[in-house]
Every structure is written in C-alpha cells, then in structure tokens.
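One structure is given below, encoded as structure tokens.
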Amino acid sequence: MAKIYYDEDASLGILAMKTVAIVGYGSQGHAHALNLRDSGIRVIVALDDKSPHRKTAMEDGFSVYTTSRATQEADVIMILTPDTVQPAVYKECIEPNLTPGKAIAFAHGFNIHFGQIVPPKDIDVFMVAPKGPGHLVRWMYEEGKGVPALISIHQDATGSCRDIALAYAKGIGATRAGVIETTFREETETDLFGEQAVLCGGATALIKAGFETLVEAGYQPEMAYFECLHELKLIVDLIYQHGIAGMRYSISDTAKYGDVTRGDRVYEAVKPLMKQMLKEIQDGEFAREWILENQANRPVYNALLNKDKEHLVEKVGKELRQMMPWLSGKELK
C-alpha cells in the first residue's frame, strides 16, 4: 500500500526563511500562491510581462516578476505552466538562474520523466500534485480542510528535499487530507493512461459509439443524446461520491441487471486495447508523438479536434442544452 503523509508528518519551519516562486497564475498557480502565503510562507509570482494573469496576481497582493528574476530571487520554484511550454520556459528563464541548493517543483511529471527537462545534479527536484482543480484546492484550504495530493522526490541534492516537499504540501493544505507518495514515472504514466483510456479518450469514444449505434438503428438523435451523453453525469456523480457499488445501490434493478450482465462485453473488448495504450505510454511512443506534433504546429491534433466538432452529437447537444435552464447557456469555445 502507498505511504501517506499527514499534517503531523510535515513542518513549515523548513520554508520559514525561504522564498517560493510560483511560475504561472492559472487554476493551480493562484491556489498554491494564496494558500502558501496564508500559511506564512513568502511567495512571489513569475509571469511574462504580457500575461493576462499579471493584473490578477498584483491585485491579490503578490510581487510579480519575470520568470528569470523570480528564479534568481527564490529558493523553491514551482513550475505551473502548461506541459507544452515548460521546456522552453525552463531552458530560457529558469536553468540559467539556478544555483546549487535551490529546488524546482512540478505538479505533473511529464517533462522530467520523458527527459524534456534535465535539471543539474546540485538542485532538489520534487512534485506536489493536488488531485483536484485549483478552485477546490483554495476553497478547501479556506474551509480548514484540504485536497489530497501526490508527492514525489526525483532528486535530493540537499538531503532535505522530502522535508521541503512535505512542507510545501502542508502549505497548500494537502496534508490535512493526506499526501500519497509516488514516483514521477508512476504519476506520469497513470495520469496519461487515465486521460487516454478512461476519462477523456475512453469516455468520449464510448459516448460517440453509443450515440451512433442508436442513430444508425433508426432512433431519433435527440433520444440517443439523452441516453448516451446527457444522463452520463447522473451516473458519474454517483460513482464519484459513492463508488461503483454505491452507484448501483441508487439505480433501478433493471439498470443494475443490464450493467452486470452486459457490461463485461465492453470490458472484454476494450481491455486488450487499453493494455496497448499503456504500453505506448510506458515505452515513450506517445510522448515522442506528442512532442513531434507540437514541434510541427499540431496538424493532426487540430484536424482531429475540428473533425469531432462536426459530429452529429455536437449539433444535437447544442440544441438540446438550450432547453435546459439550469445550464449556463454559454457555449465554451
């Protein structure tokens, strides 16, 4: 079983005389910065001069510097920019300003695990990854609670990296809930697999396959949308709150019987494909493909996204959502 750390396992004292730089001020960045500051830690924010978040960070009372300057000033640098821009930001602004004994930190292991960022041997490298969006991290902190997080030590140059990482996790409120020890490899590979096989790729493919099956059989697209997409939230919310068994407790016996007698057909069909997807993540094939795709300005990425935007389920959904006053009515673009 995993090693889990709580409040009593961490001390903020090790950060008392240090400065933490938060690189980025988006969903996670603003939550980390505010929570750390409220925990008594000196925090500065690193943003490009043209960043739309610069004004917000300043209004929140932070000193805002360029990433180069912030790296010079800080002892701990948490990099919370998107994965795809991190290597360039690191190479241009962070690496030249690192000195022995500093620490860099991440909330996702992609660039370290796949070698897109290779830190010098004389600095600490760790990860603190909350398992929830930034607004939840902030809200739970303000409520005196916390969001569980992952922690990993990639490189301990000072001998104090784990203590620094745990202090950081405590500063954002994560140790109130529990911090699970992992590795950069495990976090990266499981995160990518979950996104591809279940949460994003798997879920959207299942929705489209179900929708198309009903429409091709002559059923109205509106009915197919309700049964294969709209009602998914009801089930996912139950699973999220109570687990699979708890969800089954809340649905009809007919739905339950169909679940346990027919669901295995999908299971048996997709599990071998999931294993292949995991292999492509483990051997670096997906990472190489994604890195090259970005270097080529994302032609396949953009083409596939645009193709899916034209799917009938999108047209039908847009019309049906206008009938639902409890939704915002504002379409995301």
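Numbers run from 1 along the shown chain.
Just so you know, glycine gets a Cβ as well, placed from its N, Cα and C.
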**OP:** Please state which member of Ser51, Ser63, Ser152, Ser160 Swiss-Prot lists alongside Tyr25, Gly26, Ser27, Gln28, Asp83, Thr84, Val85, Gln86, Gly134 for binding NADP(+).
**Re:** Ser51
**OP:** May I ask you to report the DSSP-based helix, strand or coil state of Thr84 (NADP(+) binding site)?
**Re:** coil
Subject >> Asp191 (Mg(2+) 2 binding site) and His108 (active site), Cα-Cα, nearest whole angstrom >> reply: 9
**OP:** Going by Cα-Cα distance, pick out whichever of the binding-site residues Asp191, Glu227, Glu231 is nearest to Tyr25 (NADP(+) binding site).
**Re:** Asp191
Subject >> Of the binding-site residues listed as Asp191, Glu227, Glu231, the one whose CA lies nearest the CA of Ser51 (NADP(+) binding site) >> reply: Asp191
